[in-house]
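As recorded in Swiss-Prot, the features of this protein are as follows:
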| type | residues | note |
| --- | --- | --- |
| BINDING | ALA10, TYR11, SER12, GLY13, GLY14, VAL15, ASP16, THR17, SER18, ALA38, GLY119 | ATP binding site |
| BINDING | TYR89, ASN125, ARG129, SER177, SER186, GLU262, TYR274 | L-citrulline binding site |
| BINDING | THR121, ASN125, ASP126 | L-aspartate binding site |
Amino acid sequence: MQHPKKVVLAYSGGVDTSVCIPYLKNEYGISEVITFVADLGQGDDIESISQKALNSGATKSVIGNLVEDFVEKYAFPAIRANALYGEKYPLSTALARPLIAENLVKLARKLNAGAVAHGCTGKGNDQVRFDLAINALGPDLEIITPAREWKMSREEAILYGEKFGIPAPVSKKSPYSIDVNLLGRSVEAGFLEDPMQEPNEEVFAMTSSIDDSPNYPKDIEITFKNGFPIAIGNESLSPLKIIQKVNYLAGKNGFGRIDMIEDRVVGIKSREIYEAPGLLLLIKAHKELESITLNPDVLDFKNLVEKKWAQLVYQGFWFGPLKKALDGFIDATQTSVNGKVKIRLHKGNAIIIGRSSENNSLYREDLATYSKDDIFDHKQAEGFIYMWGMSNKIWAELNSKMNN
């Protein structure tokens, strides 16, 4: 098969994507390999990673500062959607993939490349997310996936790279597979593959252990406007600053760890450890504010939408038509999600201790109270109950006659 002479490769600096560079040139006959390094707030030395790509044989290396887009266009919509895959995982890794894919396609267009490539294996979720996003945004582009096609073990891949001047990792190989960005960390493999093995503290980096977290609780107040978090306490902050601050506060107090059995897109179950302190806290606060500002029927239906939205994003359909339609529903619900939520952080817990909405609260104290200020008309309850239970009463009468 004849491949384009120029390809844009999603590059992380790891063994697989480094080996992809000479592999694409020598096994696929590609002349120019341009690497794209995404800065998602992972804390790495991005310039060094970019230089490593050049040292590994890349024709050119491009750095994309995607942190603000990551927060505003991906994390914040997930907060409004209360997105938790499997009712636990806030999609911290999954949200990054369509953003990287989008920028891969943009760079390929800009440089007139006929193909894009990534280093995902055939066993994980990311291959699905990348391929579906690229097909949606650049259906004419070829997608090349060397790590899915070569039959090399990790050790063999390292030896292959050494032939082309790519040094082997100098440190002892970590037993874990780790992915990090601003929103969180995912950790798998090693002894964690035994679902009964408790993770030790070396697995975690964004959150304190219960023993090491402060002995005294920390209360914080989060303000939302149209479903978006806009302030912590009395301080209005940019979206990026909000994520950074709640990451610190929640993580310091031991909140934000997830240990779960996850159903992967490819059909297998895997044991995953996640840290996502800020994202989890903001989703928790946002959902609480919705409880006071949205009607019961809207809340019930939104619960269904949220589950499907999270599934679609996890499964790679960020740019799909159903996800777009669900976005429209979520947008329509958020115009009244304005107010404040108070949370107490302590020893791994995030406890809601208050919520308010000055202009959009559906909570009426004069209707809910049992004091003398109660204005609820109790006499209306009898007629309501009669109508509400009519169908059950008819059914019971009919069955009583049949049984006799």
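Glycine is no exception: its Cβ is also placed from the backbone N, Cα and C atoms.
Sequence features, as recorded in Swiss-Prot, placed on the structure.
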residue : record                    : CB count, 10 Å
ALA10   : ATP binding site          : 24
SER12   : ATP binding site          : 20
SER18   : ATP binding site          : 28
GLY119  : ATP binding site          : 25
THR121  : L-aspartate binding site  : 12
ASP126  : L-aspartate binding site  : 22
ARG129  : L-citrulline binding site : 27
SER177  : L-citrulline binding site : 13
SER186  : L-citrulline binding site : 21
TYR274  : L-citrulline binding site : 26
Same-chain residues at least 6 apart in sequence whose Cβ lies under 8 Å from ASN125 (L-citrulline binding site): ALA94, ARG264, VAL265, VAL266, TYR314, GLN315, GLY316
Max CA-CA distance, Å, over listed ATP-binding residues ALA10, TYR11, SER12, GLY13, GLY14, VAL15, ASP16, THR17, SER18, ALA38, GLY119: 17
Shell list (L-aspartate; ref centroid = CB of THR121, ASN125, ASP126; cutoff 8 A): CYS120, LYS123, GLY124, GLN127, VAL128, ARG129
Using Cα positions only, nearest of the binding-site residues to TYR89 (L-citrulline binding site) (ALA10, ASP16, SER18, GLY119, ASP126): ASP126
Max CA-CA distance, Å, over listed L-citrulline-binding residues TYR89, ASN125, ARG129, SER177, SER186, GLU262, TYR274: 19
Assigned conformation of ASN125 (L-citrulline binding site) - DSSP reduced to three states: coil
In the chain carrying ASP16 (ATP binding site), residues 6 or more apart in sequence that have Cβ under 8 angstroms from it: GLY119, THR121, ALA147, ALA157
